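What follows is a set of notes on a single structure, which appears directly below.
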């Protein structure tokens with residue numbers, strides 16, 4: 001086994017071993033202290049093990065791991081966020097009796113989140129995808145209140161639905177491939193010949209679209225992101241959600257153009273991009289605002305993939321991954337900023353607010369930030385026609401939404417328990433929510449540059465061309481103008497409940513209750529003795545006739 | 001029509017009757033009765049099969065005859081368990097009813 | 001029929017005596033308990049259980065390594081006059097599953113049933129332990145029998161062993177559940193017996209291997225198989241003949257519920273497999289579709305009803321109804337287009353994997369539910385808060401078993417579902433895909449309903465009614481982990497399950 | 001000879017008529033009495049199709065012992081006949097009737113078009129009789145060819161008994177079955193109970209002994225013995241034994257244990273489970289049948305007696 005393979009395995013095995021340790025009650029209490037170290041092997045893997053593979057013999061584990069460029073970008077950046085958020089989690093958990101339980105959910109989600117970036121076979125991918133999706137439920141409902149429970153229910157329902165779609169897609173993929181291969185590369189490469197090609201692509205888009213929160217499956221995002229504790233929501237919104245992104249990268253057949261599904265994905269993506277902004281600006285809770293921003297940003301990524309799918313352009317895999325990597329740091333960071341803001345209070349808000357403003361506006365494409373690079377990386381993919389223009393306009397929307405977020409951030413109330421009486425000692429300085437926030441903010445600015453220059457092969461000159469600068473500045477100006485309009489007339493906006501279209505499901509509820517009540521009545525009737533007896537006779541006759549019909 | 005066919009048809013009718021009884025009767029004890037009617041019909045069918053297989057100087061094929069003997073014993077065991085269950089259920093319900101009644105009368109008295 | 005090959009199929013093989021031991025050992029245990037008294041029952045069971053496990057392992061190893069079925073001709077009297085015992089691949093697997101679940105149940109039930117005083121026999125004690133072993137012997141007889149009437153006796157043994165376990169507590173509700181179970185099961189067995197009579201009348205043999213060679217498509221077999229099939233599905237509690245199952249399985253003590261749900265219903269299911277795939281000749285498309293549709297109905301109805309239950313044990317019982325439904329999807333999918341042998345099809349493996357993983361998962365879940373009941377003093381789902389603190393391992397076992405039912409990897413449930421879906425796609429029978437997927441979603445719903453409240457810690461904390469030892473919780477966890485382990489089998493037709501089947505098949509006209 | 005078909009026809013009609021009566025009788029007690037008649041008539045049917053072995057068993061168990069069981073139950077349950085409106089409606093019953101008729105028709109078709117020539121194992125069964133030193137082929141099937149069935153069916157009986165016992169209250173476990181018998185004033189019953197047992201016991205032992213060559217056997221013998229015992233218990237002449245008694249348990253299991261021991265001994269002395277050595281098969285078969293008759297008698301008697309509902313001392 002080469003060092004690279006070893007690292008690949010370790011990036012999953014290390015947090016898994018920590019999880020095993022959680023079986024002991026004593027060890028479980030100490031788990032929070034190790035949380036920041038758990039993703040370290042994954043980070044090392046991303047840095048040093050590019051191109052490595054690891055395969056166990058087919059039986060019994062049939063585990064195959066592989067690290068390609070998009071996977072490495074996402075893995076490394078996500079690991080970075082997990083490390084920093086782990087530090088924040090330590091602060092959050094200090095003195096809590098249920099810290100061990102939190103750590104178990106955290107580590108399980110972590111394994112899945114890291115794993116999806118490197119899994120190379122269908123069952124492993126499905127397993128790791130399930131882990132990152134379902135284990136996050138424990139994080140969502142960690143603070144047990146009626147509203148977090150509701151958020152948890154919605155979250156799990158959609159996660160399970162998405163997995164059902166994916167399971168079907170994976171079965172179709174595997175069945176369509178000769179010798180029922182289970183390797184992702186084989187099955188996706190073969191997709192063009194599959195008799196169920198369109199159905200499969202549709203299911204893949206549905207399954208991963210739910211994970212990415214594309215409209216109308218976005219409803220879980222505002223609920224769950226508002227419900228989960230700050231460190232948890234940072235990793236969920238930053239890292240965990242990218243399971244959907246890597247899923248699309250891995251499973252959509254970018255080799256061969258399929259314009260129908262590509263267009264559909266573009267439409268859904270663009271709609272999500274604007275919809276997220278439109279609903280986001282009506283929200284007051286900064287966590288909710290960020291959640292809608294995620295809906296919008298994932299929409300942009302989906303649009304990129306849609307363009308790639310319709311033109312058969314493999315390049316979008318790397319571009320999309322880069323865009324997503326930027327989003328990992330920024331979105332994770334901004335959630336940490338909310339925690340930091342709540343801990344320092346409005347008097348000393350500027351060390352939080354200033355970096356927040358820089359990286360938040362980066363989402364809108366502020367020149368020189370990672371956001372501008374991300375926009376640059378996908379600019380050619382989006383093209384210069386209608387989609388390109390709409391993409392640029394969505395940046396205007398993002399600017400607007402981020403300015404709105406910064407406004408809301410200033411109004412975050414101080415959480416009493418977050419205020420530490422003596423913040424002099426070095427330890428509490430590190431553990432206080434400000435330090436991780438500043439670290440991730442710094443990373444959000446630097447890391448995209450490093451990636452842009454090294455992995456994407458871009459140059460500083462490209463990024464600083466006047467045209468590139470102008471094309472990122474004008475949407476921001478529009479966004480700024482819209483924001484001042486919002487400041488003025490914002491109070492006229494309707495109050496949209498969190499989870500927006502979820503209210504329409506209120507109408508579905510009685511119907512489904514009636515339906516299941518009908519099942520119960522049917523069961524009641526069928527289970528009466530004479531009815532069951534008659535059923536038995538009818539079946540006997542039916543079987544007799546059926547065998548007779550086969551002569 | 002020979003005796004075997006005649007009794008065979010008789011067995012077929014008994015099966016129908018027994019099934020009907022098991023299904024439509026409400027009282028468990030009547031279901032048990034019908035179950036035994038049904039069983040009788042099935043055993044008669046075994047009997048005519050034995051009769052038709054008469055050979056080697058025997059009046060019937062001994063294998064189905066032996067199967068019926070085993071079957072009758074199993075059916076009896078089943079009836080015994082079922083009847084005991086019915087009686088036990090009856091007693092438990094009776095006891096509960098008595099208790100409820102005495103509870104009521106105590107309340108009335110109080 | 002070619003006499004030569006049949007003779008080769010039906011001769012005692014080396015190691016055939018293991019089959020006799022597999023049936024007789026637990027029954028001797030039952031007799032020993034009645035003779036020595038219930039106060040020594042646990043000790044008897046603790047002797048029988050490991051021996052039974054060893055025998056099961058030996059049978060499995062022998063069948064696996066030789067690739068040939070084990071056969072034992074009882075008393076040296078060859079079929080059709082005499083009786084044969086036969087263990088092909090699926091029998092060996094069933095025997096092994098049974099042995100594992102039984103051993104776990106023995107460990108789980110230790111100390112649960114006590115006499116009125118030390119050394120004095122108690123009612124529940126004697127009845128539970130003697131019948132537990134009897135059920136084991138009966139199941140082995142069902143899996144090994146090669147003669148339709150011998151199988152009838154084995155089925156009755158199974159029913160008589162199972163029914164009193166339902167009403168062990170003697171409450172009116174459980175008594176009436178047991179009565180329903182008994183009466184419906186009896187009706188089922190009489191219909192089965194009727195079919196046996198007709199088959200003997202037509203072919204003069206009841207041996208399955210011999211029958212496979214002589215059965216023709218004619219009225220007598222249509223009537224006989226129809227009657228036997230409904231009789232057996234009545235005993236399996238397949239929708240819409242599931243009237244007896246919920247209350248019976250929910251009312252029994254946890255240890256008994258575990259084997260009733262995990263194993264006993266599988267006994268009659270196994271005979272339906274034998275009947276359709278071994279006895280019946282050739283093409284059985286239409287009846288297989290009917291069985292499949294009943295299975296689909298069971299999946300939907302059972303899952304929705306499980307979602308609506310207020311009590312945990314009833315929820316699990318309804319989930320059993322749904323899971324039984326999955327087993328019956330094997331019929332339409334394994335029969336398939338008839339190109340490949342049904343036993344080599346992926347659905348055949350999927351069905352048996354589903355059976356095995358459900359057996360482990362469901363036994364674990366019933367045990368867990370029993371321990372939750374002991375600890376909290378109730379099993380109302382809306383008041384399960386804090387259960388995760390009180391009996392953490394039991395709740396964990398329940399969750400793991402539940403994940404298998406939902407079909408999440410890695411678990412036998414996932415692998416089974418994966419292969420069932422593959423078979424549905426491969427056979428072009430799309431309608432099952434919808435059912436399987438819906439069933440999985442609904443299962444996620446009802447498992448989630450149970451798990452989510454156990455995770456929270458209510459205030460005030462629930463009052464602890466009894467301390468459940470970690471060792472008993474560990475038994476449930478071990479069983480649940482077996483369900484997980486099954487997730488590591490290869491996702492392809494499994495050769496072990498074909499052993500002894502191709503030989504029978506070669507006989508088909 | 002010409003009258004025989006007429007007799008058979010009448011018998012068949014009578015059986016069906018009695019069965020019908022049993023179904024529709026309003027009173028449970030009347031239905032049970034109808035059922036006992038049904039059992040006796042079936043015995044005649046069996047005699048008509050030349051199966052004396054079965055005829056004996058059917059009349060003794062199907063009619064007799066089952067009848068006693070149901071009679072006692074009907075008597076005890078009489079006060080609570082449920083209201084008739086709990087029955088399913090007319091349309092439903094007609095529907096059930098139609099489907100039952102279809103099942104009957106299906107069976108009738110099979111009966112009317114039998115396989116020709118009818119398959120039979122009679123010759124094969126006869127072939128080995130000399131080796132077993134037996135004359136009665138039914139006994140040979142039960143005790144040799146399909147011995148495993150018979151052995152398992154003994155276990156079925158045992159399980160049924162455990163099931164019946166399990167239905168008693170905890171506090172009386174190990175005690176005497178049934179409630180205290182009413183003080184018997186019925187002189188006829190007492191008279192019968194005193195008169196019949198000696199005759200019955202002799203007849204039972206004869207049935208057992210003769211079964212090797214003639215109709216009869218452990219079941220029939222055991223049934224007759226059981227019937228005598230039940231009679232004595234019902235008349236209050238004999239108290240039922242305490243179910244916790246070790247001696248009773250031993251008696252109860254003696255036949256089954258012997259059977260199993262001989263079965264396993266077959267591994268050593270005859271080359272296989274449940275094989276009989278060529279040298280002395282009949283001795284072994286008798287060795288099994290004698291305790292088995294006792295086992296059957298005790299089990300049947302206890303099955304009818306019900307669970308323990310009295311303490312040993314009462």
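Including glycine, each Cβ sits where the backbone N, Cα and C put it.
Feature list (source: TrEMBL):
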- C:146-439: domain 'NADH:quinone oxidoreductase/Mrp antiporter transmembrane' (DOMAIN)
- C:16-37: transmembrane segment (TRANSMEM)
- C:44-64: transmembrane segment (TRANSMEM)
- C:84-107: transmembrane segment (TRANSMEM)
- C:127-145: transmembrane segment (TRANSMEM)
- C:151-169: transmembrane segment (TRANSMEM)
- C:220-245: transmembrane segment (TRANSMEM)
- C:257-277: transmembrane segment (TRANSMEM)
- C:289-307: transmembrane segment (TRANSMEM)
- C:314-335: transmembrane segment (TRANSMEM)
- C:355-376: transmembrane segment (TRANSMEM)
- C:429-448: transmembrane segment (TRANSMEM)
- C:474-491: transmembrane segment (TRANSMEM)
Criterion met for the transmembrane segment (C:151-169) and the transmembrane segment (C:84-107) (at least three Cβ pairs under 8 Å): no
Contact call for the transmembrane segment (C:289-307) against the transmembrane segment (C:220-245), three or more Cβ pairs under 8 Å: yes
The transmembrane segment (C:257-277) touching the transmembrane segment (C:84-107) per 3+ Cβ pairs under 8 Å rule: yes
Proximity verdict for the transmembrane segment (C:314-335) and the transmembrane segment (C:127-145), three or more C-beta pairs under 8 Å: no
Range from C:220-245, C:257-277, C:474-491 with the greatest count of C-beta pairs under 8 A to the transmembrane segment (C:127-145): C:257-277
For the transmembrane segment (C:257-277): best-contacting stretch of C:16-37, C:220-245, C:474-491, by Cβ pairs under 8 Å: C:220-245
